[in-house]
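According to TrEMBL, the features are:
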- A:121-152: domain 'NADH-Ubiquinone oxidoreductase (complex I) chain 5 N-terminal' (DOMAIN)
- A:185-469: domain 'NADH:quinone oxidoreductase/Mrp antiporter transmembrane' (DOMAIN)
- A:6-23: transmembrane segment (TRANSMEM)
- A:66-84: transmembrane segment (TRANSMEM)
- A:122-146: transmembrane segment (TRANSMEM)
- A:166-184: transmembrane segment (TRANSMEM)
- A:190-209: transmembrane segment (TRANSMEM)
- A:253-274: transmembrane segment (TRANSMEM)
- A:286-314: transmembrane segment (TRANSMEM)
- A:326-346: transmembrane segment (TRANSMEM)
- A:353-372: transmembrane segment (TRANSMEM)
- A:416-437: transmembrane segment (TRANSMEM)
- A:457-476: transmembrane segment (TRANSMEM)
- A:502-522: transmembrane segment (TRANSMEM)
Amino acid sequence: MAIIPFLIIFPLVIAIIMYCTRINKIRNAIAYLSAVVIMVSVGVLVCQWISKGMETITLYYNTELVDHIILAAEIVLMGVVTYLSFKYKKAWVSLLSICPTALIAYYEIFGPETREVVGHIYIDYLSILMCIIVGIIGSLIVVYAVGYMHGYHHSAHHSNVTDRRYYFFALLFLFLGAMFGFVLSENLLWIDFFWEMTSICSFLLIGYTREEEAVNNSFRALWMNLLGGCALAIAIVYFGYTYENVDLHTLVAMGTIQSKCAVICVALIAFAALTKAAQLPFSTWLIGAMVAPTPSSALLHSATMVKAGIYVLLRLSPAMSGTMTGNMIAFVGGFTFLITSFMAIAQSDGKKVLAFSTISNLGLMVACAGVGTSETVWAAIFLMMFHAISKSLLFQDIGATENALGSRDVEDMHGLLYMLPKLAIFMFIGIAGMFLAPFGMLISKWAALKASVDVRNIVLVFFIIFGSATTSFYWTKWMGKIISHSHLNGAQVKDKTKKNEMISLTIHAILMIALCALFPLVSETFVNPLVNEMFGSSENVLSNQVLFTLIIIIVVVFAVPFLAYLSSKQQTQDLKLSYMNGVNTGDNRAFTDSLGNEKTLWLSNFYFHKIIGSRKLMMPSQIFTLAVIVVMMCRIIGGVFL
Amino acid sequence: MIRIILTICYILLAPLIGGLLDGLDRKISARMQRRVGPPLLQPFYDVSKLLTKRETAVTKSQNFLLISYMVLMILTGAMFFSGTDILMCFFVMSTAATFLYFAGVVTSSPYASIGAQRELLSMMIYEPAVLFACVGFYLATGSFNVADIAKSSDSAIMYLPGFFIAFVFILTIKMRKSPFDLATSHHPNQEIVKGITSDIGTKNLAIFTVTEWYENVFLMAVVSLFIVNENPISIVVALVVVLLVYFLEILIDNASARVKWQTMLKTTWVVTLFTAGVNLIILMIIK
Amino acid sequence: MGKGLKSPWLLHYDGSSCNGCDIEVLACLTPVYDAERLGVINTGDPLQADILVITGGVNAQNEATVKQLYEQMADPKVVVAIGVCACTGGVFKECYNIKGGVDTTIPVDVYVPGCAARPQSIIDGILKGIEIYNQRAEALERELEGGIA
């Protein structure tokens with residue numbers, strides 16, 4: 001299967017080419033071509049894997065040379081971080097990179113020989129799924145970015161930002177390569193390397209504009225992720241010295257039988273995953289990442305980065321099931337789900353709403369992985385799929401809307417359906433995918449709720465119940481804004497969306513609807529086997545009856561509004577003015593005030609930002625979750641040694 | 001077989017029962033205010049009148065949004081009576097309510113918009129108690145399926161008194177009764193006119209009203225689910241309880257003034273936590 | 001009452017009245033007269049109302065408002081002018097800002113005189129309005145059927 005090294009190395013090579021190509025047109029052409037190549041090669045990988053019977057495959061047993069290259073590359077990464085930390089006078093951050101790299105290097109050079117040689121690459125349902133997400137969504141984001149970055153550097157708004165598109169695209173491809181490496185690796189040392197690579201790529205992407213705020217936010221992202229990297233490195237070295245073995249599945253197997261060392265390692269790695277998945281108390285880096293150009297936000301939120309955290313937790317979930325680590329992760333995830341969905345209510349900046357909702361949804365996935373039963377993992381997988389598509393769609397859409405509208409505030413999207421119809425419909429599909437029946441969140445919430453009752457996790461039940469109520473609030477009010485008849489000037493806004501941006505958006509929307517429509521099929525043929533493979537049980541999460549109900553709901557929810565819309569089109573109705581105490585000036589946009597002057601109407605949603613704004617809630621909840629994590633980690637480690 | 005009959009009965013008879021309950025409501029309210037009140041069949045007269053008027057709308061999309069609302073609400077009830085998953089029923093119901101929200105905001109009318117915002121807020125406020133009730137049923141009977149819950153050996157209320165109180169409490173919101181009728185203001189001459197229904201008239205209003213009947217019957221059926229068990233006599237008891245709960249709602253409606261949303265949020269969530277929440281903790285420990 | 005309108009929903013509008021008639025209109029809804037036994041609801045929303053009940057005359061400022069409210073009501077609809085001011089302008093007729101009775105602005109179907117009009121006569125006026133409503137409803141029905149055929 002030569003396609004695997006190709007998948008990892010190809011984006012890295014393209015990244016170098018991108019960096020060297022300074023002529024925009026040529027670079028854009030290469031970017032398109034490579035995006036297509038990546039998608040095709042993911043397709044080839046999937047086909048090859050299916051033709052081999054969809055079984056787990058391990059590859060590459062002797063890889064001494066590659067090991068050395070990776071070590072060297074890791075040291076280079078460390079050098080980059082150290083240089084930049086000193087350059088921006090944040091020298092302490094470099095410590096977080098030097099220490100783990102030194103630890104890993106020491107282990108590789110002086111550590112024990114691995115006892116049994118296992119494959120370095122591992123292909124199963126989960127890694128295939130991740131490859132599909134990274135490959136398809138990631139490549140589409142690249143396609144989108146070509147058009148977006150052109151508009152970005154030609155708008156007066158960003159005139160002070162130096163045009164370094166070669167650098168930006170190089171980073172995008174580097175990121176994709178790192179993600180492929182990350183999800184396909186079995187060897188923990190490899191995983192660690194790709195982990196650091198994603199951290200540093202995101203750091204560089206966030207700091208792209210080199211403005212003061214961007215630099216500060218990028219360093220925040222860097223130190224939080226490197227902190228997780230430290231925990232990962234410690235876990236790997238500790239595990240390596242104890243078992244003379246550094247592969248993921250041994251670790252999970254040892255964790256599942258509650259072997260002492262593995263329990264600590266699992267806890268440490270799970271902690272690392274919390275930082276990457278931007279859970280409280282580490283959520284602020286993902287919100288700060290909003291300063292970067294939109295394609296990088298889309299990439300961080302949907303296909304890469306945060307999903308890496310979820311991927312690790314899903315891998316570990318059999319080892320976390322019913323343990324104290326599992327409880328910690330479930331608690332932190334559930335708490336994040338609830339609190340950040342409150343914060344999302346208080347936001348009116350579209351991108352911020354998306355950022356908080358990402359963290360919130362990730363919280364639910366983290367909680368599901370932490371509970372670690374077949375039902376919750378099933379739910380988490382579906383959440384991940386829906387979330388990846390929908391978030392990528394929404395971020396790209398907001399970027400395009402901002403280019404046309406000059407604002408990304410939800411309040412300014414009043415009547416978007418009549419101003420920018422195409423973008424509004426895409427946005428509508430994206431949001432519907434996040435929470436409406438019969439789409440992703442619904443069924444996942446159902447499974448998560450059921451499972452957390454089954455394992456008697458009372459606290460998690462509370463979090464899910466209240467969190468799901470608040471989640472629908474902020475999404476519904478946004479959707480309402482889009483479809484409201486305009487009280488703004490009502491004129492059509494010129495849609496500046498480029499063709500390639502449109503292509504990417506359309507494919508996303510089609511994927512979203514297809515995933516909804518084929519939901520039972522995907523569950524049956526892909527997700528059930530995945531869960532069975534992970535937990536070794538053969539029960540179906542969706543009972544036939546629930547499946548049947550779901551199909552009915554899907555049909556009705558799709559068909560009814562559509563048919564009703566068609567039938568209402570034929571009806572003749574007398575159109576009346578909207579009721580404004582009889583002083584409507586005639587177009588539902590203005591009224592006559594008591595002095596006889598015309599006054600324009602302004603309608604706004606509820607936000608409650610003074611009560612549940614992020615400024616008010618963020619700090620206390622960070623302190624609280626930090627305390628929970630510290631106490632629980634002490635109990636876990638103490639519990640092993642006592 | 002019996003499930004199919006029940007489902008068909010719901011689809012056909014729920015508007016009749018819902019309308020009669022509505023008429024009863026108006027009659028009893030009138031008597032509580034020492035008035036004669038309208039005839040029992042008044043709600044049917046209202047709807048038939050609305051249907052004979054020339055159709056009007058503020059925007060054409062109101063109609064299809066309201067029809068979607070109605071069909072999804074019927075689906076909710078039909079799913080319930082066919083004995084499927086109760087959690088799914090409530091998820092479909094919240095989707096239906098979302099369509100009502102859309103019908104409210106689509107016209108950009110100030111009164112309908114503020115009503116719709118409040119409706120959305122009420123959805124957020126009552127949803128925890130509803131989900132708690134589902135979880136409670138699951139814990140008490142070991143199944144989310146309405147059919148299994150109704151066939152359990154003991155009445156669910158034996159285990160779920162707290163959940164029952166919380167559910168009855170949020171019924172006041174759900175049935176748009178004072179003090180929690182923030183979104184629609186059933187009584188005339190209010191600060192937000194007719195709230196979310198301000199710009200809805202003629203046939204659209206008829207659709208809305210009939211949907212409310214469907215919804216009320218469904219909610220009453222959920223109330224009865226707390227009582228019904230394998231013993232047929234329990235059905236009679238359940239009917240009595242339903243009527244008592246309905247009477248209680250009318251009494252509360254007539255005896256209280258509307259509150260602000262802050263008060264509604266605080267009281268409802270506190271009541272939910274201290275009744276359903278505490279009951280849940282106890283239940284999880286003993287079961 | 002038999003066949004016909006059994007649920008007359010009112011929209012009550014106060015033009016430039018002295019509030020005397022308004023008090024009497026509201027008195028109709030109290031337990032003593034209980035207009036709701038006839039199915040009356042005071043909706044406050046023109047989009048849902050069948051009968052427009054106006055007290056007081058029309059002045060320069062509210063003329064457009066009265067027209068708009070009348071326009072917003074769905075067919076069939078009836079206008080009942082309550083009190084002498086609404087009927088003719090009453091004692092305010094000669095005022096600089098008064099146009100006169102309601103019928104100077106929109107077509108009025110029932111005139112209920114009095115200063116202030118008594119609740120009994122107001123209810124009587126509304127019942128008269130219902131008769132007119134029924135005629136119009138039949139006309140509308142024929143029109144709609146004709147449209148289909």
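Positions of Cβ are set from backbone N, Cα and C atoms, glycine also.
Just so you know, TrEMBL annotations never went through curation; they're auto-generated.
What you are looking at is a predicted structure, and each value in this text was computed from that prediction instead of being measured.
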| query | DSSP says what for the domain 'NADH-Ubiquinone oxidoreductase (complex I) chain 5 N-terminal' (A:121-152): how many helix, strand, coil residues? | reply | 28 helix, 3 strand, 1 coil
| task | Quickly jot the same-chain residues contacting the transmembrane segment (A:502-522) by Cβ under 8 Å, restricted to those at least six beyond its ends, or write none. | result | 136-137, 140-141, 143-144, 382, 385-386, 389-390, 392-393, 396-397, 400, 422-423, 425-426, 429-430, 433, 438-440, 443, 542, 547, 550-551, 554, 558
| message | At a Cβ cut-off of 8 Å, and with pairs 6 or more apart in sequence only, do we get at least 3 pairs between the transmembrane segment (A:286-314) and the transmembrane segment (A:122-146), yes or no? | response | yes
| request: Answer with yes or no whether the transmembrane segment (A:166-184) touches the transmembrane segment (A:457-476) by the criterion of at least three Cβ pairs under 8 A, sequence separation 6 or more. | output: no
| message | Could you tell me the mean pLDDT the prediction assigns to the domain 'NADH-Ubiquinone oxidoreductase (complex I) chain 5 N-terminal' (A:121-152)? | response | 88
